[in-house]
Amino acid sequence: MQSKFIVIEGLDGAGKSTAISFVRKYLEKNNLAAIYTREPGGTKIAEELRNLVLHNKYDEEIHSDSELLMIYAGRVQHYRNLIAPALEKGINVVSDRFYWSSMAYQGGGRGVELSKIRALNDNFLNGCEPDLVIYLDIDPILGLQRAQKVGSPDRIEKAGLEFFNKTRKVFKDLVKDSDNAIEIDAAKSIQEVEKQIYLILDKHFNFQN
């Protein structure tokens, strides 16, 4: 079976980590090897860039274009050093976020032109597209409430409600325009989200469990 690149997307507080735990449980049950990773981050250098973007400790504003480029510098490291090699070896890759998050957060939220972001993906990631995107949709107010229960808000989580409304809109538009993305209502119970994820994976892997 050809290796798959599966990405979980969604706003902060949508439950991506929980969803990934369901994907892990499913793949392990079906004896499918996989690595589990995240963005921003995924490699040592990418994690350093993540920390700079989310927890800027310097008395210097990060421009929206700079934010995008720092995230993409980490993404290139992540893709070339971890994602692509794993897929080439026949190992499935499951990632908490990929380039859709830049389209939504930096494109929708920050207002960076989407064409710039697509160009980065085409030029530096060989136009890599996930085999499956599971988008967890949630109202930004509920998402931020959930996120704040986990810990102190990071730099992006402090961006405000309007930012997240714009971010959500781009996510939903991306799902509508994609043939390999499925939206799940993340406000539903954990049990219902788990059930939907298993059904999606059954169909994707052509399994009948």
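Each position is counted from 1, following the chain as shown.
Here the Cβ of each residue, glycine as well, is placed from N, Cα and C on the backbone.
The model shown is predicted, which means the values in this text are computed figures rather than measured ones.
Taken from Swiss-Prot, the feature ATP binding site covers G10, L11, D12, G13, A14, G15, K16, S17. Note: K16 (ATP binding site) has non-local neighbours I8, E9, G10, D96, R97, L136, i.e. same-chain residues 6+ apart with C-beta under 8 A of its own C-beta.
The ATP site is defined by G10, L11, D12, G13, A14, G15, K16, S17, and by the 8 Å test on Cβ atoms against their centroid, the other residues of the chain that qualify are L136, I138, G143, R146, A147, A186. Counting only same-chain residues at least 6 apart in sequence, those with a Cβ under 8 Å from the Cβ of G15 (ATP binding site) are L136, I138, R146, A186, I190, V193. For the recorded site, L11 (ATP binding site), the DSSP three-state label reads coil. Most Cβ neighbours within 10 Å, among the binding-site residues G10, G13: G10 holds that distinction in the structure as shown.
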